[in-house]
Amino acid sequence: MSRMNYVFTSESVSEGHPDKLCDRVSDAVLDTFLAEEPTARVACETFATTGRVVVGGEVGLSDPQKLDEFMERVDGIVRDCVKDIGYEQQEFHWRTIEVQNFLHRQSAHIAQGVDKDGAGDQGIMFGYACRETPELMPAPIQYSHAILRRLAEVRKSGQEPDLRPDAKSQLSLRYENGKPVEVRSIVLSTQHAHEEQTSDDIRAIVEPYIREVLPEGWITEATEWWVNPTGTFVIGGPDGDAGLTGRKIIVDTYGGAAPHGGGAFSGKDPTKVDRSAAYAARYLAKNVVAAGLAERCTLQVSYAIGVAKPLSIYVDTHGTGQVDAAQIEKAVADCMDLTPRGIREHLNLCRPIYARTSAYGHFGRAPEADGGFSWERTDLTDALLKAV
């Protein structure tokens, strides 16, 4: 039997974190290609450090001449991302950074398997959902994201001009009878404007927004606060630490509350099952929980490169299932085509909807009118209930 009383911790990082900046650039490149051609192939990696952003990887369009034209857009894409995030500091400014572009055409050997609707690579992918939040996400990661998203809003609006883009949050929540009831500790580190600002000064800025975001009653007199615990945090972003695409895969998913197959998302077009099948797994797990078939659901799928159908489907309802897990496994396979093409079509993934996923979580977000976060819909519940 799983534990019911415990403390669990998850962290998030802001859009200005060096790794997240790289995720944003990689997904912005992807969106640019998909806006031109829904079948574009992109595997874009980004590296950022003091005064420099390097972009590389494989891309493909049906028209080679158009591909060459798109390569010339990369410099502007990078600068637009850095500007939107808010970096205008001396050693990392969107106007003055050096941008190096090493993107090249996708390997024909990879393309030949994918063009036949096979998976773009082998691998395992996990989806998860639970009833801890209205979004059916684990509470520690969901609220860690919410804190940083709120701080970014007030920074960008000019409401809090002393905040800067680079930030991290971490919440330790106490669970009672399997439900989150109290914040045991809050860790918040944020880049700020002036060296003379103390940890207390920064806490005075951020605390009202943290209290606004967290459920009423969760913060108590016993809650520990650690705001900028090392003191000054003026030098930040890629000028403070180098960044790489795909280094925040736990932040991107469930905050450690569920397994992860190891594949990153950002910069990958939806033929890559690292991304699309992980989205499908979340979609299915969320619909299982939304349908009332379980309070918690972990779902795994696996693929082989060039092979269309998943090799396996595994479901664990952690003792909360209303029906046997094997029945749910059969039902999800019956209700959704889990070939790479089937996933792309069911979730309408071949569109420029990815830059927005690059910070504050790929899951637990509201489905959007243009198809963004389509994997967060709960429109499969009736079909699942009929199938079991």
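Cβ from N, Cα, C; glycine included.
As recorded in Swiss-Prot:
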BINDING   H17, D166, A167, K168, D241, R247, K248, A264, K268  ATP binding site
BINDING   D19  Mg(2+) binding site
BINDING   E45  K(+) binding site
BINDING   E58, Q106, D241, K272  L-methionine binding site
REGION    106-116  region 'Flexible loop'
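Here the features listed in Swiss-Prot are painted onto the structure.
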| residue | record | contacts (Cβ under 8 Å, 6+ apart) |
| --- | --- | --- |
| H17 | ATP binding site | D166, A167, K168, G237, G243, K248 |
| D19 | Mg(2+) binding site | V13, G243, L244, T245, G246, R247, K248 |
| E45 | K(+) binding site | C22, S26, V55, G56, G57, L244, T245, G246, G267 |
| Q106 | L-methionine binding site | R41, A43, E58, V59, G60 |
| D241 | ATP binding site | P18 |
| K268 | ATP binding site | L30, V42, A43, C44, D274, R275 |
| K272 | L-methionine binding site | A43, G120, D121, G263 |
List nothing but the largest Cα to Cα distance in Å, as a whole number, among the residues E58, Q106, D241, K272 that the record says bind L-methionine.
30
Cβ atoms near A167 (ATP binding site) (within 10 Å, other residues, all chains):
27
I'm checking region-level scores; what's the whole-number mean pLDDT for the region 'Flexible loop' (106-116)?
57
